[in-house]
Structures are given as structure tokens and as C-alpha cells.
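In what follows, a single structure is set out as C-alpha cells and then discussed.
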Amino acid sequence: MGSPWKPFLILSVISGLSDFARAVAARPISYAAVLRMKQDSSLSVLTPRSRPSHRHSGGLGNPGWPAFSILPPSALTLLSSQEDHRSEESLEFGPVFIQEPDDIIFSLGSGERKVMLHCEARGNPPPTYSWYINGTRVDSDTDYRYSFIDGDLIITNASEITDFGKYQCKSENSFGSILSRDALLQFAYLGAFSTKSRGAVSVREGQGVVLMCSPPPHSPEIIYSWVFNEFPSFVAEDSRRFISQDTGNLYISKVQPSDVGSYICLVKNPVTNARVLSPPTPLTLKTDGVMGEYEPKIEVHFPTSVLAAKGVTVRLECFALGNPVPTITWRKINGNIPKRVRLRKSQAVLEIPNIQQDDSGVYECKAENPRGGTAFKGHLQVYTLPQWVRMINDTQMDSGEKLQWECKAISRPRPTYRWLRNGLPLASQGRVEIMNGELSIHKVQQTDSGMYQCVAENKYGAVYSNAELKILASAPVFFQNPVRVIATLGKDAYLECKPRASPKPRITWKREDRRIQPSKRIILLRNNTLKIVNSSRADEGNYVCRAENQLGSAELTAVLWVKEAMRVVLSPSKVEVTVGESVVLSCKATHDTSLDVAFQWFFNQKPIVFQQDGNHFEYIQTVRAKQSSTVDLMIRSILLRHAGKYGCRAQTSADSVFTEAELLVRGPPGPPGVVIVEEITDHTATLSWTRGLDNHSPISTYNLQARSPFSLGWQTVKTDPDPVTGDMESAMAVELNPWVEYEFRVVASNAIGTGDPSAPSRRVRTKEAVPSVAPSNVSGGDGRRHELVISWEPVSEEFQNGEGFGYIVAFRANGTRGWKEKMVTSADSTTYKYRDETFPPLTPFEVKVGVYNNKGDGPFSQVVIIHSAEGEPREPPSDVKAYSTSSSEIRVAWKPPSPGPGKPKGYEVQFWKEAEQEESGKKQRTMKNETFMILTGLDGNSQYLITVKGFNNIGQGPACAAIKARTKKFPPAQPPVNLAWIQEGNNVSLSWDPVKAKDNESDVIGYMVLVKQEGRGYNQVTRTINPSTVLSLPEGGTYIIEVRSLSEGGEGAASSQIRLVTSSGVRAKSGQCSVHRTSLTWTALLLVLLVP
């Protein structure tokens, strides 16, 4: 079964195409203009070049002629895309640039010396291209180096002598030609320095010097640096040495002996990355004395007049010679130096990034030292390339009309204008008048058709604006015939007559073969539209418009129908709801039964977009009755922002009626107006505000809130009166903290809820007051001998109540009467130390800490008991002993000193070799209050001196007298060899050759056999004094066995490892055993059994 809207699609396409033709008949938009609109789509301002496209209005008519609006969107899109495609194929237009050539810097050092300049244009017929260099046409026939690919120009074997210059691309077709902007082709290269040796430069110490770079030929600008003595030792720039990127020279303001050497200038081309080095310039010192101090002399500076393009980075150089080394300062005469300016190279370079017009002016650099000063001034001017303010656009005109075009650009200096037609200069002559950016052509003719260009230029650049002029000539044509017009009874009817014709045709109207004469009811408007005042049924019928010019004539028949006026009722007309509720508005239209009606909903005069706000608005279509149609608007989950006027527009092809209803929304109050702090004291702030919207529910109360740097966000404050009722517009915030910066805001509430807060008030600070909060957690202790250390938690700034805040520390020995008071002036202090040689350690004191500020003294804390310091340990540890446990370890033990003040909390052991100084000794501390320590990592067979001292939080006590201990000799380095074993089941008899210690090694006192099970955590250690042992291994495993010698110096080297396998669940028979040795005669078996 076919789609139900296919029959209507065919009729709608016919009606839509007719409407389109009628819309564009008077002045069609050229395809070139459409292309230019695509190119300029990034412009935010609608210019004459970006003409809006004509679209069908979508009004509903008689069911016999359905409008486009009933078509599915996909059908409309299909029709539009097909129409655009046909337009691109059929419309003819002059050339339009897609890509114009750009400036190029070509590296002569590149492998393939081929330059390509791009040019591409769009047009119908397709355009052709030609190129010009410095105004002369490029001829590829006479010069094989030039070739073309489409619009692109390719230059083979390019050279600076023949190919440097400005290039232009010309694009043309049958409608005319246009020129591109200029593209500058430059060549990048870097020559070599002269090989001639440079003479030495000899100066006195303290004198200034300039070393000349004299760079080789190059293009474009190059980067300079200097090498000192040999590469890559570069000269570092500072306040004394400067490399000018303008001259390339090296400037040394005050020569020092360290500057003597050979200097080489290195230059780099940033395009080709080529680098070359100059011959060395030796710098030597004269021997006839030292240069005395002298005033600065500026050796390098920017020009007196500097020109810079807007948006670039400008670098101004200024450096002076002098003794002492001068300092450089900058200023802008009659203005301030821009904030974004950067001073580089010890202020010798002033750098202005992204320079703007406001940066223009006179800049001064000043060089000063104690001997005097000098200055230099230069004028910085910023120029701008022309930028379009108004451009020309494609135009189609009837012959005989007047063309008026204007283009306008801004630049500095001001631009001049010139005009081109088909790429050739256009001058005032005859019908053509040119006045700067204005072009006028009187009584245009067919020969005036073509491509025009307005060029705005100054000495820094040019911009082109292109447009096509078409002169029309055609007999009258009506693209829709007949047309049907539906009017409303009692209202004016309009019959349009808009043929496409050039020149303009003469229009006459007829009805029933009789020419219509204008009257009070029937009026012919200037645009040839026939107006019928107060139309009635008698006016129905056929009307004929005849259009005629010298090229021909055509007629249009307009059929007029007059229908009853439509009536629209929107109910309810006024409704009041509460936030969160829902409501339905019903719109009923009574209309002529032959007409379809379309509805549209509005909110505060703007159409409702249901796709964007479908969560709150729903369009409900109801069934159409005989003479009426009804639609509903549901507004659900209403918010405050939904209050306002809702409109319903009912529209037929004959009439349009609009009516509104008002929706009132009750909700929480809106934010109160501006909050003003009327009066401020130390603890209160009087606030006033203006009432906000009550949103149709009376305000019941106000809530005052405050925020300070010490609060977690906004906090409700106590008020006077309390509560603050809804009829009040001022109240007092109370119980504030003195000398705290506050912001205030007000929140209103009503029966429905609490609204949004007001904007915050300006920040205000409460007045100062005497402190009211005492320090907390007063404690103390520790310290050095004869010290009383008192500590406390500082009072937060929130409670300091004013400037000049500090602490009063009061203390007295327990049992005495008078208090000693000391002032601590820092608000951030947390401790106070009092020293008195007269009181013994651990003397108890009564202590309290108070506060004060500029307003007076505040409260004291509660009295606490704090003991004076017991001091650092007074006696060394006793009975210190040390003995060696191996060749690398010594065990040290001691007894604590006698009980008393200065009890150690730990001990420090210092040790050093006998041949070394005590100061070079290493130190180790006990983890806790331990009375022994094992010193590790020592050298074997060495004599060590050892001291022990106690320490606590106060400091260290005296050390004991140094005692001596010698580490034991090294263990034997020779491992056990010739391991032999007999395995019977799980029992293994193992033997080896005895190890004999050397003279410098500890004697062997036994052996250690280590057994490890592969893949498991089983380990077994067996010690024996003999060079043999018997091992009993668990069943079912693979075991690795090694042997080490034991001595007083520790464990010796390990033997080779052997691997044994025991069976699981199987016992070896009596007499069945295996015998093994790790000797040369068992080489094959050894390779199998030894662990790799």
C-alpha cells in the first residue's frame, strides 16, 4: 500500500515551485552570490553579499492546493537538494576565487628547486588561468621553466635573479575576469663569511669594546650568536655582554681579564637552518694600565622611527658601554609602558608582543652608572593592512538603471581605492564616475556586464573585493499561472502582479475583459498590486494582469475567493497556579469549513519550541468539529519562569487571528534587592534592603545571613528583632565578632517556600573591641637547664578583635605571691621561654596566658602548673664495654648514668679507627632507651675507638672516655672442596677436605651444612666440628646442599652446590647405595648434579 501523502506531494511540488518562481522573479540571486556566501560563512554580520534565501511561508490554503507545510521534512529536504543540484549545473556565473596565491620564502638550499604557487577559482563555464610576474604575463611557451597544472604555476630551477617578485593569478571565463591578490616570492639563502683573517682587538681592562660580526649575504633575517674560544662554548649574555640581533655585533660594556680569548660570530638562517662561522677575532688586554671609570655611552639602539605591523612582536634594543657597567631603564613618553611588555637580556631588549595601535608613541631608554647617564628616544608607529568594512556584492540590473557601488576599508595609513573591470583599470569617463571607494554607472547597458573589483591599498598591502554585474533583458514571464487568492470577508484583498521582465514592463488589470479603473475601493499600488478595500462576496471572480515591454507581453489570471472571518477563543483567559502544578490552555477556532487551520503557541510573544522544552510543554491535538478546530497546551511541573502571557495563533490561507491568556504562578519569593549596611559596630550591623517579588504569595519572614573569611560558607545570624517579618525592610544582625570582615545577604520566605538569596552586600569590617577569648591548652616543659618553656594554642584571627594583638604570659614559682608578666607581641606566637640561673631543674610554676590588643587587655587562661626544664644529661654512661663478635661487628654495652635531672631518652655511640681523627667518626643512635648496640659494616682485623653519650630533647650529655676494641680476622676465603657423599635411601653421608686458614684469617672452629628444598620453604642447618656429617632428608624431594667453614671472624666462602633427589614411598634395599665425589674424574656427573 502506497504512502497516503504521495498524491499531495505532487501537487505540493507544483505549488511550491510556482511560489519559488514568483518569489525570485523580480530579482533572482546569482549562483556566484551563493558561492560567495559560502566563502564568507564565517562572517557574523549579514552583509549585502550574504543575501538570505527565499523560502515558502507554509501558509495553509484550500484543501485542493495543499501547502508545503503538510509535507514530511524528508520530502522537503529531497526537493531542496535536487533543486540546488540542478541550479549548480544550470546557472552560469563569472569566476570566484577559492584559493589565492600566498607569499612564499623558498629555500635555495633545498634539493628540488621547484616552486609552486596555488590558484583555484569556481565558475560556470569553468574558468581559465594566466599568471603575471611584476605586471608581465608569464609565457610558458617561451620559457620552459614555467608550467601550469590547472590554476597552479610551477617554476622549475627557480632563481632569485629571474624569479624574485610579485605574482598575480588571473581567472576568466565568458562573464569576465578577476585578478588575485599579490603574492611575494622571496628566496632564502645564507652565504659564507670572508675567509680573510681578522685582526686582534686590544683594549685596556675596564674599557668597553665592540666586536664586529660583518655577516655574509643572506635572506631573510638571520639569528646571531657568538662562540668563545671553541665550539660549542657560547657567549652568555648578561648586564655586561650583549649580542645585537639587528647588527650582529658583540658588545662588552666593561672588559675583564676573563674576556681575553678568541671570538667567532655564528649566524643561522631560520628558514634553511644553515649555519656559518666567521673567522676568529682575538681579544687581548693592553699592558699600559687599567681604564678608569667613565660615563655610559649608548652603542646600540633602535631607530629614531620604528614601523611595525599590528599584531606582531616588536623588539627594541638599547645597550651601552661604561665603567661601572651601566643599568638600562625604559619609559614611554606621555604614557605608560604596556603591561604585557617583557624586558629581556638584563633589560637591554624591550619586547612588546601582539602590538596594538595604543602602543604607538615615543619610547626612551636610559643608561646610567655612578659617573653619569645618557638617553635615546625613538618613535614607534603601528601600521595596519587594509581591512574591509563594506564590500561590493553581485548585482543584476535592468538596462537603463543606475549602478551604485561602494566599498570601504580601514587601515593606517588610510587606504586609497582603485577599480578594475575584467582585470583592467577602470577610470571616470562618460557614464562611469569613480570617487574613491564609490563607483557609479548611469544608464547601464549590456556592455557594462562583467567582473568588477574594488582594490583598497596602502603602502603595506592591498585587499580585493569582487562582484559580478549582470544586465538583464527578457520579455515578461509569470512562473505561476493562474494564482488563487483567498481573502477574508470585510478585510482588504491584495492581488499581486510580479512578472520577471527586463526592462520593467507596463502593467494593466482587467476583469471580465474590461479594464479596471482605479476607484476608492479598487486601488493600483506602486508595486502593481491590486488592492480591494473591504472585500465582499461580490468581488469574487477572475482578475487578469497584463505585463508588456518592448521584448514581449504576458498575462496572469488571479482567482479571488472571499471567506467568512475566523473567530478564536483561548480559555481560561487568566489562571493562577502554584509552582509544581500543571494546567491546560484550550484554543478553539471557528472558521470556514472549506479552509484548513494551523495553530501555533507562543510564550511572551515568542514561539514555543516543543522539542527544546518538552519536559514542561505538550501540544495536544484534538478532533476537528464541523465548523471549528481545537488544540490544547499542557504546561506541567510549572516553574516561576513559566509565568507570563501565552498566545495562540490560528491561521488559514485567508486569515490569521492571535489571542492571549495570562498565567500567574505562585511560588517562593524572588531575591530581595540591594542589601545596604547602614551602620556597623563591634558586635552589630544594621542592614536594609528592598522587597523582591512575592510571586503572588505574601512574604512571611526574612532570614539574614553572613559570610566571613572564617566561616564555612553562608551562616544564618541572630537578629534584632527576631523574627524579621515580611513587612520589614531593615533589621540588625547581632552577636558578630569584632574586627572581622563580613558580607551580608537576605533570604525571603513565604507559605510556599524559601526563595533565592539577594546579591551579597559590600564587604564591611566590624569595629575593634577588647579581646574576649583567652588562649587554650596552656602547657610547657622541656627546654634547656634553667629554662621555663610555656606553650599555648594561638587565638584565631577571628577572635583577636582588633589590631595590635598579642599575649601576656604570667608566671610565678609555686608558693610565691607576685606574678611576673611578659609581653609577646606576635599574634602567631605559640611559645615563650624564660631563663633564670637561680631556680633548680623541675621547679613547679603557676602559669596563665592572657591576651591584649590596641583596645585593652582581655581575659587570662586558667592557671596550670608547669615545671622548669630538667636540662640535658649531666653524666656520661658508666661501665662501657665493647668486644668483637666477628670481623665486621662489635657489640657495645653500658649502664645508664646515676638517676637525677637530665635523664637520657636515648644514647649516641661514636666510633672511628685508631689511625683516624675523632671528628671523622661515624655516629649511631639507639632506637629507644636501650643500653647496648651492635656496630656493623666494620673493617676486619682493625682497632676501633668508641664513645657513648646520652641525649634528650634538650641536648646531649658528656661522652664517656674512649674505649678500644679490635674486630676479628676475616673468615677463610677458601671454600670446602672435594665434596663426597654416599646416599642410601634418604640418608646421606657427606664429607669434604678440611679448610686451612691463612695467617691473616681466623682459625676454623667448625663447619655449617645448609640444606634447601627446591620449590618449598624447607631449610635445614647442621653444624659440625669435623669435615663430615650424616644428613637425614625427608622423602620425595630435590635438595640443594652447600658447606661453609665457621670461624671467629664469621662464615667462610660457600662450597660448590650439589643436588640430591630422594624417592617418595620407596625405601632403598640394603646394600644398594650410590657414591659420588666432586672431583675431576667425575666430570660428567658433576655437570649434571651441580646447580647452574
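Every residue gets a Cβ built from N, Cα and C, even glycine.
Sequence annotations record features per position, and here TrEMBL assigns domain 'Ig-like' to 95-186 (among others).
Averaged across the domain 'Ig-like' (203-278), pLDDT in this predicted model comes to 93. The domain 'Ig-like' annotation in TrEMBL covers 203-278 (among others).
Per TrEMBL, domain 'Ig-like' is recorded for 296-381 (among others).
Positions annotated as domain 'Ig-like' by TrEMBL: 386-470 (among others).
Under the heading domain 'Ig-like', TrEMBL lists 476-557 (among others). Residues in the domain 'Ig-like' (476-557) partition by DSSP class (helix H, G, I; strand E, B; coil) as 3 helix, 43 strand, 36 coil.
Residues or ranges marked as domain 'Ig-like' in TrEMBL: 566-664 (among others).
Taken from TrEMBL, the feature domain 'Fibronectin type-III' covers 671-769 (among others).
Here TrEMBL flags 774-871 (among others) as domain 'Fibronectin type-III'.
Marked as domain 'Fibronectin type-III' by TrEMBL: 876-970 (among others). DSSP places the residues of the domain 'Fibronectin type-III' (876-970) in helix, strand and coil in these numbers: 3 helix, 47 strand, 45 coil.
According to TrEMBL, the domain 'Fibronectin type-III' annotation covers 972-1065 (among others).
Positions annotated as region 'Disordered' by TrEMBL: 756-781. Long-range contacts of the region 'Disordered' (756-781) within the same chain: residues 668, 670-677, 680-683, 685, 687, 689, 692, 705, 707, 714, 736-747, 788-795, 799-803, 805, 807, 847-862, 864, 866-867, 869, each at least 6 residues beyond the stretch ends and with a Cβ under 8 Å from a Cβ of the stretch.
The signal peptide annotation in TrEMBL covers 1-23.
Here the domain 'Ig-like' (95-186) lies next to the domain 'Ig-like' (386-470) in space: the count of CB pairs under 8 Å, restricted to residues six or more apart, reaches at least 3. DSSP states for the domain 'Fibronectin type-III' (671-769), grouped as helix (H, G, I), strand (E, B) and coil, give 0 helix, 41 strand, 58 coil. With helix defined as DSSP H, G or I and strand as E or B, the domain 'Ig-like' (566-664) counts 3 helix, 56 strand, 40 coil.
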